[in-house]
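Notes follow the structure.
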């Protein structure tokens with residue numbers, strides 16, 4: 001955990017490698033994954049880099065592999081994994097099938113040749129399949145057109161012809177011109193026709209367009225095709241209809257063809273339908289061609305399937321290999337060729353891995369038997385801003401990403417994730433506290449842990465991947481929800497009498513509304529304390545809500561102030577670590593004084609009020625008759641003293657009551673105020689009066705409370721101007737003294753000093769206002785712990801009472817329905833929506849209330865040159 005508190009120390013190094021061994025060096029360094037290279041050629045465009053041709057070749061290979069994957073997915077085949085990423089990275093990288101070693105360029109060339117051959121073969125099969133599919137779909141449409149047209153001419157055409165001949169004969173007899181011989185109506189009245197196929201949804205528009213374009217001088221008939229057919233152009237299954245159009249004019253024919261083309265209707269040429277033999281011959285030939293085309297198509301599909309099946313066994317391995325090679329050449333593009341034949345690179349390396357980097361570079365050069373040695377050395381400071389890197393495990397990774405989502409910690413800054421790992425699930429549990437609901441969440445986390453290895457090797461959706469990453473967080477959230485539920489003694493809104501209640505009712509006449517429960521043991525004794533959590537009797541008390549509100553509200557304030565004060569202490573730890581004396585003396589210390597004077601003191605008052613024996617204090621200011629009822633009660637901590645009084649009443653400490661005494665007179669503590677220490681105060685009123693009525697404490701809890709609060713208030717007020725002005729003043733003085741060392745640039749120094757002091761003062765004013773007002777608003781913000789817990793328990797109560805209790809006294813069927821409603825709303829609202837709500841509120845408390853006290857969140861994330869990380873990111 002100590003290593004997780006601050007990021008790993010980094011070193012800025014320089015590498016000088018031989019150009020011939022550069023590829024092998026980078027391959028070994030990518031296997032280590034501990035170095036982040038700096039681009040030494042920022043002025044060059046990507047197309048001006050030294051190894052851009054190799055990167056382009058890798059891009060082309062990636063394109064071909066994506067094409068392979070797309071075709072494999074069409075057959076719903078699974079890609080065969082070459083094993084784990086670790087095994088692939090650690091395997092022999094440049095060995096061919098016969099075991100001989102290959103250089104990086106040779107490996108790339110052999111991979112290109114192999115993939116190119118498979119791509120050519122697959123594309124030929126796809127093009128042939130597309131051509132065959134188009135022809136096959138056209139033959140299906142032609143078959144439907146032939147059958148529908150023949151049916152039309154056998155049924156409707158003779159009747160239409162008789163009608164036309166009758167009309168033609170009448171026109172001849174009544175014509176103005178007399179012919180020597182009568183014309184042949186069967187030839188003169190013969191119509192031309194266009195046949196084809198159109199989508200059924202376009203039929204109405206198609207017919208309307210034909211009617212308007214030809215002014216009704218054509219005859220259109222449609223016949224729907226029973227089964228959806230594949231469109232020859234798109235290959236999609238659509239509902240289509242056969243159409244046949246009769247017309248007489250050539251000009252109409254041109255219009256009809258244009259309309260058919262506009263509606264993407266496929267036209268087919270048919271033989272003379274009066275020639276039955278030709279029609280039958282064409283039908284039989286087309287049917288045979290359909291059978292042959294289907295056979296060839298199935299053979300082509302089978303060949304493509306077997307080829308894709310073979311490619312599925314190698315595509316993943318080829319993809320990983322190409323990614324590795326591309327990463328090598330991309331990193332080499334960041335190197336600079338200062339000397340011919342040598343390459344120089346710079347980058348950040350984890351300090352403890354420096355020796356491993358040097359050994360990897362030297363090993364690559366020794367394997368190449370190169371005369372010129374390599375060089376790995378530290379770069380002299382000043383350095384660029386170092387990146388931030390934390391070594392995490394399965395448990396800590398999720399919490400670190402939780403913090404990184406908000407911002408990357410500065411280099412060597414205190415890491416909020418270390419504390420978030422404990423406080424985030426705990427605060428979630430405070431809001432979600434319920435034994436039953438928390439157990440569901442805990443079991444869900446255990447299920448994710450049980451399937452951890454399976455999920456790590458599977459390709460998960462974005463949501464499933466997020467839940468897998470946060471599996472330990474979910475488990476901890478469930479655990480703390482159960483823990484808080486046991487503290488609240490709350491399970492599905494019901495109290496658990498695990499250890500036996502410490503309260504009892506007088507059950508002789510039964511328990512009725514308004515009865516008062518009495519403790520089974522004396523107040524303050526061990527027997528009167530419930531062993532763990534709250535007594536279940538509070539769940540049936542009439543003042544249940546008042547008690548739980550007070551308890552949870554105070555807990556929320558305590559947890560909030562403790563967490564915020566802890567964040568302020570981390571600010572001081574950062575200042576000490578980085579040697580920032582001004583920040584420590586004039587920012588951290590005033591902040592601690594201000595927070596302690598008002599807010600830590602608030603926590604002290606809460607605990608003091610809880611610890612004080614108010615039964616004894618209030619009893620000491622109560623008038624009792626000596627020897628009468630209540631006299632000698634063990635609730636009083638002092639010695640019972642009798643007195644002589646006209647009224648016959650005395651206080652336990654022996655003060656004679658006159659009948660006109662107030663609490664301050666009867667109380668023996670003499671703390672001042674109206675209560676004199678014998679009356680429990682209202683803490684909110686006490687805290688408000690610290691600022692509004694300094695020195696006045698109406699209901700004090702200890703002697704000298706007023707003067708103590710005055711001193712604390714003065715310290716709080718004094719810390720604010722120190723926090724605001726001290727640091728800017730001292731920094732301006734330091735800048736002013738430095739300016740006197742150079743008299744020639746005196747005016748320039750004065751301008752710079754004035755400008756710098758103004759910026760520092762504005763920044764410090766923002767810092768001061770944010771802290772002072774933030775302590776107030778953030779403390780109030782922690783009351784969401786109480787509000788969310790109250791909402792959860794009240795919703796659970798409503799669901800139980802309205803869905804279950806109201807149906808239990810009816811009948812079995814009503815109870816069954818009631819349980820269904822109860823289970824449904826519990827799952828949907830409390831186990832889904834409320835989990836998300838509590839998660840988001842706990843998230844906000846850490847990102848805003850806790851982290852803003854010390855967290856800068858402007859660091860640079862360490863992005864190592866790592867084959868393992870590159871492959872995992874590409875596979876996700």
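Yeah, the Cβs are placed from backbone N, Cα and C, and that goes for glycine too.
TrEMBL annotations: computationally assigned, not manually curated.
Quick caveat, the model's predicted, so the values are computed rather than measured.
Looking at 670-688, 689-707, 708-726, 727-745, the stretch flagged in TrEMBL as transmembrane segment turns out to be 708-726. Per TrEMBL, the stretch carrying the note transmembrane segment among 376-400, 401-425, 426-450, 501-525 is 426-450. For the transmembrane segment (471-488), the residues of the chain that approach it from at least six positions outside its boundaries are 394-395, 398-399, 402, 424-426, 428-430, 432-446, 448-449, 452, 496, 532-534, 548, 789, 793, 839, judged by C-beta separation under 8 angstroms. The average pLDDT for the coiled coil (58-128) in the predicted structure is 83.
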